[in-house]
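**Student:** As annotated in TrEMBL:
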type     : residues                       : note
DOMAIN   : 3-162                          : domain 'Galactose-1-phosphate uridyl transferase N-terminal'
BINDING  : Cys44, Cys47, His99, His150    : Zn(2+) binding site
ACT_SITE : His152                         : active site, tele-UMP-histidine intermediate
BINDING  : Glu168, His265, His280, His282 : Fe cation binding site
Amino acid sequence: MQELRIDEVNNDLVIVANNRSKRPMDKIKNQTEEEIQVEYDLNCPFCRGNESYATIERYKIEDNSGWLTRSVDNKFPIVDELSDEIYGVHEVIIDTYRHNGTFYNMSELEFQDLFKTYKNRYKEFMKSESVQYVNIFKNFLRKSGASLTHPHSQIISLSLVPPEINKEEEVASKYFKENKTYLYDDIIKKEIEYKKRVINDNRYFLTIVPYASKYSGEVRIIFKEKIKFEQISDDHIKELSKVFNRLFKNLYKVNGYDPFNLCIHTHSKKLENKDEFNVHMHIIPRKYSFGGFELGTGMYVSSTNPEELANKLNFELD
Ligand SMILES: [Zn+2]
Ligand SMILES: [Zn+2]
């Protein structure tokens, strides 16, 4: 039976239609790109040793062997440092020096360096008075929008608050006004009590398959504490790296080498009460694409059963 659900963080309307996963098209294996085997590619501008092909370096973490992760200017920025309307800075963060490094095979230490780099660039970008929001995201494989194969993330500062964040913050503020409790606190409490959609519950982070999402198969990681992204500590980063390492191992087991997007949603500068909003991450598989129904109605059809998926991805941390 079909069921109408609302994604509580943004009010998206989702029709959960489990029977649709039995459609013949879903049996067709997702056309994935070949997994890369080489650690170094002579022609790749993001490989260690090819620094001269890349743009200006803004930050790096290194050890005796050389840089491990680094952030460089984006050659083709979406925003414009000279514009008043869409002012911003756009950098590319090279996740790891390894050409064949992916979230599916990165070690906990590699994730730690990457998240430290996210934090450093985020903090730096937020300093500008013209900036209202800083967006961190990642496209993995061409189907998700990536143009270069070497694994990388992107960070963009914006002089406006993007509509998706505006909507999430407004939903959270309205919830607090109406209920006198915080939306994210209530989601965390409810999901931990219900258990079945929880992939991992730890000290600082709750990882779930959301009750409703317009993106079939989405995984959401919610910060339990009411901190801003720039306040993330080394302890948080350690736990988060463990979560990513284990989660992506399980995603690989369940879905294989699939394209995905990572979107990190943080506080905008305009949100007055920071406690209304918890930083969270959307991990979105790009197996499915929207059809005419979604594009024409702004309603979404999900063929994922959240409880089943959570059960497959579930893990404990040691
Ligand atoms: Zn490379
Ligand atoms: Zn969000």
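Every residue gets a Cβ built from N, Cα and C, even glycine.
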**Student:** Starting from the Fe cation site formed by Glu168, His265, His280, His282, give every other residue of that chain whose CB sits within 8 Å of the mean position of their CB atoms, in sequence order.
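**Tutor:** Here the non-site neighbours turn out to be Val9, Ile165, Arg220, Cys263, Ile264, Val279, Met281.
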**Student:** What binding-site residues among Cys47, His265, His280, His282 have a C-beta sitting less than 6 Å from any atom of ligand 1?
**Tutor:** Cys47
**Student:** Closest to His150 (Zn(2+) binding site): which of the binding-site residues His265, His280, His282, going by Cα position?
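**Tutor:** The smallest Cα gap between His150 (Zn(2+) binding site) and any of the binding-site residues is with His282.
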**Student:** Could you pull the average pLDDT for the domain 'Galactose-1-phosphate uridyl transferase N-terminal' (3-162)?
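**Tutor:** 90, rounded to a whole number.
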**Student:** For His99 (Zn(2+) binding site), which of the three DSSP-derived states applies: helix, strand, or coil?
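**Tutor:** Reduced to three states, the DSSP call for His99 (Zn(2+) binding site) is coil.
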**Student:** List those of the recorded positions Cys44, His150, His152, Glu168, His265 whose Cβ lies under 6 Å from any atom of ligand 2, in sequence order, or write none if there are none.
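**Tutor:** With ligand 2 as the reference and 6 Å as the Cβ limit, the list reads Glu168, His265.
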**Student:** Distance check, please: Cα of His265 (Fe cation binding site) against Cα of the residue listed as 'active site, tele-UMP-histidine intermediate', rounded to an integer number of angstrom.
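**Tutor:** Cα-Cα, rounded: 18 Å.
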